[in-house]
Amino acid sequence: WLSALESTKWLQHLSVMLKAAVLVSSAVDREGRPVLVHCSDGWDRTPQIVALAKILLDPYYRTMEGFHVLVESDWLDFGHKFGDRCGHREKVEDQNEQCPVFLQWLDAVHQLLKQFPCLFEFNEAFLVR
């Protein structure tokens, strides 16, 4: 099971995402620098990193209300392609469009939640729901 997990590179993606969010948070909070985050197509890695950085920087986003606002603003309003990425459309034109970007982000949030449970107003049951 572990070798199958390793072959997906899931944990590598989580690690890179979390490191990037820490880098952004550090630049904003410790160094007082403005930050521009943009991936090659702007749809996937950008909201992952920015939304994680917001969770790290602002305790409001670790509340139930704040998390709801974060998902709405950084994922829904941002225009994330949920239908394409999750593959829930009836006719998927391009299989390469499928990628569990939002689930990766939720897993990264879950990892933070497991490490720092007292800093969050919600628990993993909330994330699952």
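Cβ coordinates are placed from backbone N, Cα and C, and glycine is handled just like the others.
TrEMBL annotations:
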ACT_SITE  CYS39  active site, phosphocysteine intermediate
BINDING   CYS39, SER40, ASP41, GLY42, TRP43, ASP44, ARG45  substrate binding site
DOMAIN    1-129  domain 'Myotubularin phosphatase'
DOMAIN    8-52  domain 'Tyrosine specific protein phosphatases'
If you count Cβ atoms within 10 Å of each one, which of the recorded positions CYS39, SER40, ARG45 comes out on top?
ARG45
Using a 10 Å cut-off, grab the number of neighbouring Cβ atoms around the Cβ of ASP44 (substrate binding site), all chains included.
18
Confidence summary for the domain 'Tyrosine specific protein phosphatases' (8-52), mean pLDDT rounded:
88
Taking DSSP states H, G and I as helix and E and B as strand, how many residues of the domain 'Tyrosine specific protein phosphatases' (8-52) are helix, strand and coil?
29 helix, 0 strand, 16 coil
